[in-house]
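Shown next, in structure tokens, is the structure this report addresses.
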Amino acid sequence: MAELPLAAGLLDLRPCKLAPPPPPPLPVSPSPRHHRRPHSTATACRAAPDLHSSTELADGSIVFRFARPRDDDDEEQQQRRADAVAPEAAAVVESGLDGDAAAAAEPEARDGGGEGEVTATATGLDAEEVVASGGAEATATSGLEDAGEEASDGSTARDSDTDVDTESSASTAADDDQPAEFAVPPPPAEEVCNKVDWEKDTSEVKNTDRMVPVASSTLVLASGAAILPHPSKAATGGEDAYFIACDGWFGVADGVGQWSFEGINAGLYARELMDGCKKFIMENQGAADIKPEQVLSKAADEAHSPGSSTVLVAHFDGQFLNASNIGDSGFLVIRNGEVYQKSKPMVYGFNFPLQIEKGDNPLKLVQNYTIELEDGDVIVTASDGLFDNVYEQEVATMVSKSLQADLKPTEIAEHLAAKAQEVGRSAAGSTPFSDAALAVGYLGFSGGKLDDIAVVVSIVRKSEI
């Protein structure tokens, strides 16, 4: 049988006449990671021909007719290419590229066209750092997933917010091919800290543990006292009393002498008041919010001797002087050689002071004072034996001179008591007592008043703790 020429587009399937199959395409080896190829495109798969019809010839051979693939496939591939280009163009806009970079990226995406192409704009990285993996699965993954794979393999990524290179702990031999700017290791943490400290000049703040702490200061009292009885009462110790206790407590009391006409030692009641105050303070040492009037009230409850007395109880808490007074005993606060503050005598009339008697409630009689003190202030607390014979400004002058002579509080108190007794012995001259007598009509009275004298001098000083 004569051989018929094969029509164009027909395949000869006779024995030994089959056309040899086309050679298989060469396998495309996957490019190693971090290999720099600006355009890495996988070979597109060739579409298989469609069987159009078959015809049996007279010699028994069969002729098959094949046709090109349908246009639907071409349209589908074009659509897939368009879908791949769209997110790439959007990525270019989001990454903030300028006009020239965007124009360069768009043709690159169009030229790729293949299903296996991955571009730099898809992952937000530079083109040289992107590796094409080939196949449709590579394009199916999003740009975020590709970036996550690169970071997990120990690559270097750039943080767009902080513009700082962050490097994962894993490293491969391929990292050696990276540019020198990415291969520089980060500086040690110590160098970074030192640089920050130098720029912000915070070395002094961070080295506070090396600085010697400054000791805090507080104000305290240094107190001393002196007592001089009336010469006629020296055998019994006089009728005045005082106490000095810890933590800035002190006080004076002056027993009323009229009790002596009934054979009662007025000084006993005054001393019991002072002893009771000191005892209560010592028993409650360190307790907070103890007020002078509470101390006085407690001492008055425990006094058993008959009699009456004027009394003053005071406390310095480191800032304020708190004082409770009944009668004509009192205090002066001397600052810079002048009388800064003073108590006011509580009297019914001339030489007739208020007084507390056994069974009385001192809280109904007491007058309270609160005065803020400073370093260098001097408190002179005394019975009327001082204030009846020495003027207030004279007391301030004596205290100022004593401080210049560096005398101690006890020595200052002794000088004041001696001065008061000296003036009390005088029958001439003006005194606070003679002025008060003349003011109420005792004409021709002059000189001082000899009496018991109790003086407590307290100096406010700084104490380093």
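Cβ from N, Cα, C; glycine included.
With Asp254, Asp451 listed by Swiss-Prot as binding Mn(2+) 2, the candidate from Asp317, Asp377, Asp384 annotated for that site turns out to be Asp384. Summarising the environment of Asp254 (Mn(2+) 2 binding site), the number of other Cβ atoms within 10 Å of its Cβ, over all protein chains shown, is 31. Residues Asp240, Thr310, Asp328, Ser329, Ser383, Gly385, Asp388, Asp452, Ile453 surround the recorded Mn(2+) 2 site, their Cβ atoms falling within 8 Å of the Cβ centroid of Asp254, Asp384, Asp451, which are themselves excluded.
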